[in-house]
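Listed in Swiss-Prot for this protein:
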- Tyr7, Asn47, Asp74, Gly114, Leu115, His116, Gly117, Val118, Gly119, Ala120, Lys341: ATP binding site (BINDING)
- Glu430, Asp503: Mg(2+) 1 binding site (BINDING)
- Asp503, Asp505: Mg(2+) 2 binding site (BINDING)
- 387-398: compositional bias 'Basic and acidic residues' (COMPBIAS)
- 424-538: domain 'Toprim' (DOMAIN)
- 386-416: region 'Disordered' (REGION)
- Lys455: site 'Interaction with DNA' (SITE)
- Asn458: site 'Interaction with DNA' (SITE)
- His510: site 'Interaction with DNA' (SITE)
- Arg626: site 'Interaction with DNA' (SITE)
Amino acid sequence: MNKQNNYSDDSIQVLEGLEAVRKRPGMYIGSTDKRGLHHLVYEIVDNSVDEVLNGYGNEIDVTINKDGSISIEDNGRGMPTGIHKSGKPTVEVIFTVLHAGGKFGQGGYKTSGGLHGVGASVVNALSEWLEVEIHRDGNIYHQSFKNGGSPSSGLVKKGKTKKTGTKVTFKPDDTIFKASTSFNFDVLSERLQESAFLLKNLKITLNDLRSGKERQEHYHYEEGIKEFVSYVNEGKEVLHDVATFSGEANGIEVDVAFQYNDQYSESILSFVNNVRTKDGGTHEVGFKTAMTRVFNDYARRINELKTKDKNLDGNDIREGLTAVVSVRIPEELLQFEGQTKSKLGTSEARSAVDSVVADKLPFYLEEKGQLSKSLVKKAIKAQQAREAARKAREDARSGKKNKRKDTLLSGKLTPAQSKNTEKNELYLVEGDSAGGSAKLGRDRKFQAILPLRGKVINTEKARLEDIFKNEEINTIIHTIGAGVGTDFKIEDSNYNRVIIMTDADTDGAHIQVLLLTFFFKYMKPLVQAGRVFIALPPLYKLEKGKGKTKRVEYAWTDEELNKLQKELGKGFTLQRYKGLGEMNPEQLWETTMNPETRTLIRVQVEDEVRSSKRVTTLMGDKVQPRREWIEKHVEFGMQEDQSILDNSEVQVLENDQFDEEEI
């Protein structure tokens with residue numbers, strides 16, 4: 001990496017003030033829920049990663065302190081400690097002025113993932129207090145801030161040092177983050193581990209010093225993204241060792257690693273300057289284009305594709321592919337589409353990645369002849385399966401559509417009266433008896449009921465062609481009406497919310513997992529948009545008195561049950577619901593379907609890698625990883641009258657508020 005750029009006081013540019021951050025924090029960190037809270041940490045970590053990315057330092061330590069504050073320390077050059085050209089100490093400018101950072105105008109960095117300095121000021125604005133300690137030029141400097149960014153001390157020289165680097169410690173402001181200011185070790189772990197995978201020489205340590213939560217993890221991967229791909233494919237049956245390519249074109253550094261497994265879906269993770277581009281972009285397009293072209297050329301060369309045969313589609317070639325595409329782009333070329341950094345727009349990145357892959361992949365295919373031939377045959381089978389699936393989809397959308405759809409849905413779907421797709425809800429209900437109660441108890445205007453009678457297929461282990469043959473899944477696809485797989489278009493959905501409602505037992509939980517697996521793999525935008533929910537029917541009904549003095553209460557947890565038992569005193573009757581069918585329509589409406597009183601869990605995908613690995617663990621072919629996960633996470637010996645919601649990680653929110661449960 002180029003080290004000629006001078007990271008000094010004059011390289012920090014000031015663009016605008018910081019006044020609006022506390023008034024509208026969502027504009028700067030996305031939200032003030034747990035995502036926004038953890039985003040604060042990433043802003044500071046990204047600054048440290050930028051140092052490593054540009055060749056300065058190789059260690060980052062993140063520590064959750066006993067008091068709930070968090071420290072991020074690196075061994076980079078240390079922030080500039082002189083006087084800025086604006087007349088203020090540079091450290092104060094970095095932490096109190098928005099858009100004051102080393103990125104702007106390429107003052108201090110050749111490549112940068114974050115907006116260096118921007119993050120620091122936003123974090124300061126949203127903190128109860130913040131302290132920075134700098135080791136630079138043989139001296140230790142310290143400055144502190146409080147109450148959302150006001151300096152509580154000047155930049156003070158504390159002593160001598162032989163080290164270099166920056167340490168930032170802050171405590172999030174609980175008047176901004178009202179839900180919680182408690183950091184989640186596992187959430188931080190995923191992001192930090194990702195950074196370590198992407199930079200071979202980077203060592204990251206994550207510590208938790210909180211009482212009862214003491215824990216430490218180290219992340220250092222000498223083989224970089226090669227190990228990243230292996231990590232993503234854990235628990236899957238892989239077809240070969242991880243392949244890696246590196247190169248440079250147009251001043252852009254390109255690193256690619258890939259490995260095929262025996263599954264039917266692809267997983268491509270792309271990064272720009274160590275920042276995940278969740279929506280892909282030009283670098284991902286370059287990778288896919290080159291893969292498709294090279295594989296087709298190879299297939300024709302070995303005569304698996306004849307002259308009359310049409311080319312293999314990229315989707316067929318990528319079936320079962322796991323890949324990581326990482327590019328490093330100079331600041332002057334870096335462009336993103338839209339307001340977020342989730343999609344790369346740099347046109348040069350497409351040709352750079354295409355060039356590197358097109359240069360290296362043919363040699364790999366020739367060298368691994370037997371494997372390459374089997375991958376081509378795998379793609380041809382995928383093409384045949386896709387054609388079969390396409391015909392099934394055309395059946396659903398062609399002239400036969402209405403007749404077949406009516407046949408599929410007759411006697412099953414009880415539709416909503418309204419055609420307002422922005423308000424309508426679809427309840428997927430376990431069993432006929434509960435479906436009957438739900439039909440009678442629902443609000444006919446906007447709630448549709450689809451009872452699930454047969455077996456739902458495990459879509460983790462099935463091709464799309466076979467999924468179409470499963471009556472329950474096929475009915476769900478027709479009912480939602482937005483397509484499936486790569487053809488799924490969320491804007492065509494007939495429903496704003498899809499709510500899974502099952503019994504609170506192991507069979508019900510299994511149906512939930514099967515449905516969530518399907519939605520995650522084949523209707524992912526629906527999950528990503530937060531439009532898939534799990535209904536939480538109560539576990540207990542308590543009744544006391546008669547006539548006008550009669551009192552009926554419901555409990556969703558054992559804790560609520562104990563509280564109500566004490567409140568009601570002696571003489572009440574207790575019913576434990578073992579199934580939805582035990583509730584009459586009025587009770588089902590009141591407890592589980594009425595937006596004013598019901599409790600729902602919103603299913604969210606916070607980290608795609610972690611979610612995908614969890615689905616593979618729970619729903620894949622390998623028994624041992626599933627057994628290990630269950631032994632670690634499930635507490636056995638639960639009595640019949642105990643609640644599955646005893647898990648302290650699940651927070652129940654009422655009155656149509658949503659607990660965000662990650663799959």
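Cβ from N, Cα, C; glycine included.
Within 10 Å of its Cβ, the residue among the binding-site residues Asp74, Glu430, Asp503, Asp505 with the fewest other Cβ atoms is Asp505. Distance between Cα atoms for Gly119 (ATP binding site) and Asp503 (Mg(2+) 1 binding site): 46 Å, as a whole number. Closest to Lys455 (site 'Interaction with DNA') by Cα-Cα distance, out of the binding-site residues Asp74, Glu430, Asp503, Asp505, is Glu430. In the structure shown, across all protein chains, Gly119 is the one of the recorded positions Gly119, Lys455, His510 with the greatest number of other Cβ atoms within 10 Å. Asp74 (ATP binding site) sits 45 Å from His510 (site 'Interaction with DNA'), taking the CA atoms of both as reference points. Of the recorded residues, Asn458 (site 'Interaction with DNA') and His510 (site 'Interaction with DNA') place their C-alpha atoms 10 Å from one another. When the Cα atoms are compared, Asp503 (Mg(2+) 1 binding site) and His510 (site 'Interaction with DNA') turn out to be 10 Å apart. Residues of the domain 'Toprim' (424-538) grouped by DSSP class, helix first, strand second and coil last, total 55 helix, 21 strand, 39 coil. For the pair Asp505 (Mg(2+) 2 binding site) and Glu430 (Mg(2+) 1 binding site), the Cα-Cα distance reads 11 Å. Of all Cβ atoms in the shown protein chains, 18 besides its own fall within 10 Å of the Cβ of Asn458 (site 'Interaction with DNA').
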